[in-house]
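Here the structure comes first, spelled out in structure tokens, and everything after it is commentary.
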């Protein structure tokens, strides 16, 4: 290694100086000494490199710049590499507000997910590639407009507040909602098509983490949690980035306040429009979600199951009543037959009366059917059950003679209103006689 010999010389002294005057001031001065110095540092290394390779200053700078670019690209390993759009390279720096800062920095695939370290590396790579001095050294005549775009993009993305404002209106990060036919092509396509859309919208949520759309295996609680979250979405999204700027040369405070009011009103309008847009999107997705239909069907089945159980219990109770009634009638008949074994004619008369009663009951029940179960239009299951129950209850409260009278009135009557009028007339008579209560037969009221 080269060694340089230097000698420390005594400093020059004033002409009026004397040792007696100030001896202490020179107590540190020694005799001349030889010392060895080693040349180090980046400038010496650059000098040695130029000497070794016989390069000029400009040649060495150009080669070093190319080497730095190559090294940066090798370190990148494709993480922040993407092709540069020729149209983008022709952008004017003054049009910076309309440029895609992530695309300028080569971070289109990361966008709002890009880390600060990735932004720094991307900026370094872009600067090494597009620095005006490098372009000039390589012999390319190219303006510095795109380089200014790079610097502006870096300034915005490295500032948390400005970056958040840009992310709020970054169209490049938005996911276009899929067409209805694309979301229902095959099983599972609905979730694959809509999942990225909600992931992109979720970046604006103040509440994190954001529930996922899930899949066809998601349970009801998860699905309800998802839609409740989005119907009550709390967005931090703002639109300051789209504010109209006031000319720098404007000193009119009234104009500044006027423009500020316009910008505030524009932000509020965009906020309302965005909220409406998102709610309509969620409603549209919910209408297409097969899981919602499945849950509704299950709820309906459970409701119908309870209804069927109730109706089955009622039917069983009625059958039990009827069975008991039939048993009582059978016992009564057997007793009567035993007691009046010798009275055949009386038995025949009783049987005839019984048959007549049955016939009359059939006639009365058939009349209820002919009357459309006492409702206007087509009767439903509930109306039919109610009408038949009331008719059976009415029959149970009437004597055989009364049944015969009622059946005779109903025979030959086909008009619905007339049939219902006959029933109502008998009910009124029975109410007057104290056999039934007012309003006991609701379908006949």
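Heads up, the Cβ atoms here are built off N, Cα and C, so glycines get one too.
Quick look at what TrEMBL annotates:
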{"type": "COMPBIAS", "residues": "56-73", "note": "compositional bias 'Basic and acidic residues'"}
{"type": "COMPBIAS", "residues": "74-86", "note": "compositional bias 'Acidic residues'"}
{"type": "COMPBIAS", "residues": "123-133", "note": "compositional bias 'Basic residues'"}
{"type": "COMPBIAS", "residues": "168-185", "note": "compositional bias 'Basic and acidic residues'"}
{"type": "COMPBIAS", "residues": "250-263", "note": "compositional bias 'Basic and acidic residues'"}
{"type": "COMPBIAS", "residues": "288-353", "note": "compositional bias 'Basic and acidic residues'"}
{"type": "DOMAIN", "residues": "100-170", "note": "domain 'J'"}
{"type": "REGION", "residues": "48-87", "note": "region 'Disordered'"}
{"type": "REGION", "residues": "123-142", "note": "region 'Disordered'"}
{"type": "REGION", "residues": "168-188", "note": "region 'Disordered'"}
{"type": "REGION", "residues": "250-363", "note": "region 'Disordered'"}
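Distant neighbours of the compositional bias 'Basic and acidic residues' (168-185): 100, 102-103, 108, 111-112, 193-194, 196-197, 199-201, 203-204, 237-242, 281, 284, 288; these residues of the same chain sit at least 6 beyond its ends, with a Cβ under 8 Å from one of its Cβ atoms.
Packing against the compositional bias 'Basic and acidic residues' (250-263) from elsewhere in the chain are residues 240, 243-244: each is 6 or more residues past its ends and has a CB under 8 Å from a CB in it. Across the region 'Disordered' (168-188), DSSP assigns 7 helix, 0 strand, 14 coil. Across the compositional bias 'Basic and acidic residues' (250-263), DSSP assigns 11 helix, 0 strand, 3 coil.
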